[in-house]
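**Q** Okay, handing you the structure first.
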Amino acid sequence: GVGESECLKTALTLTAPAPFADETSCQCQAPHEKLTIAQARLGTPVDRPVRVYADGIFDLFHSGHARALMQAKTLFPNSYLLVGVCSDDLTHKFKGFTVMNEAERYEALRHCRYVDEVIRDAPWTLTPEFLEKHKIDFVAHDDIPYSSAGSDDVYKHIKEAGMFVPTQRTEGISTSDIITRIVRDYDVYARRNLQRGYTAKELNVSFINEKKYRFQNQVDKMKEKVKNVEERSKEFVNRVEEKSHDLIQKWEEKSREFIGNFLELFGPDGAWKQMFQERSSRMLQALSPKQSPVSSPTRSRSPSRSPSPTFSWLPIKTSPPSSPKAASASISSMSEGDEDEK
């Protein structure tokens, strides 16, 4: 009914982190009878859940860790998942340096939804005393042999006791992968954190590298500004192209109209040429008046002759007459000319 669904929602809603083993008041009081994996999968004892233990370093807690714990939690129909986390001293001794300290790693595990209880300072190798203390039925871990100092597989005796249940690793994600990415992109992260206010000392960066990273940050900022300007310019050009399409069409129409009017006015047969020809003919007529009649004297047709009689008094150089008759003829013609002028 409605009440059952509301209760189910309340049960699935987690509102607090998982407790630490040494702080919880919910200790298992039932007798710890031996269970087989087959029995646990068929059904758990009526009075208690199956207690499953998973352990690890859990440095830089990620989804691969969470999925392994989800598998451990869902191995059996009713289970209680305890997660052991090794301390810094133990981890540095047997495995290596961690990015997160033990307090940070403990706290990260408490906020995983599949974890019911966190055991701090978990042992590197599980002893019968530890298993009995926490009433552990089964140990869940991936089935890749986990070697350590003096042992090829720290889970060997757990497997021999029939208490080991394998889980599957999630490919593509691991703490080592994450650290590899950071080391590979160290320059990028160092530059970013310098820009965010971290000091070179905090980042263990030398003075020269600090100046190099800061200079590179300035270069990147300039590149980003140029990129933004280019993008805004492209957007502006696109808007102008879209809005100017109609304008260009109108301009082309006006241009054709203008060219047509120009040719009509100034073309080979245009109005301007006709007007120019008419004006040219009028000017030629004004500059060149009609000639005198043919019957007029020859001297009147000379363009250099003036109505003034002064030309008759100019000395004219003539060749000497070849005969007395020719000379008398020329004298008589001159006297006739004088008479005409008078």
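Heads up, the Cβ atoms here are built off N, Cα and C, so glycines get one too.
Okay, these came from TrEMBL:
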| type | residues | note |
| --- | --- | --- |
| DOMAIN | 53-181 | domain 'Cytidyltransferase-like' |
| COILED | 212-239 | coiled coil |
| REGION | 282-342 | region 'Disordered' |
| COMPBIAS | 292-312 | compositional bias 'Low complexity' |
| COMPBIAS | 324-335 | compositional bias 'Low complexity' |
**Q** DSSP helix, strand and coil counts for the domain 'Cytidyltransferase-like' (53-181)?
**A** 45 helix, 26 strand, 58 coil
**Q** Looking only at the domain 'Cytidyltransferase-like' (53-181), what is the model's average confidence as pLDDT?
**A** 92
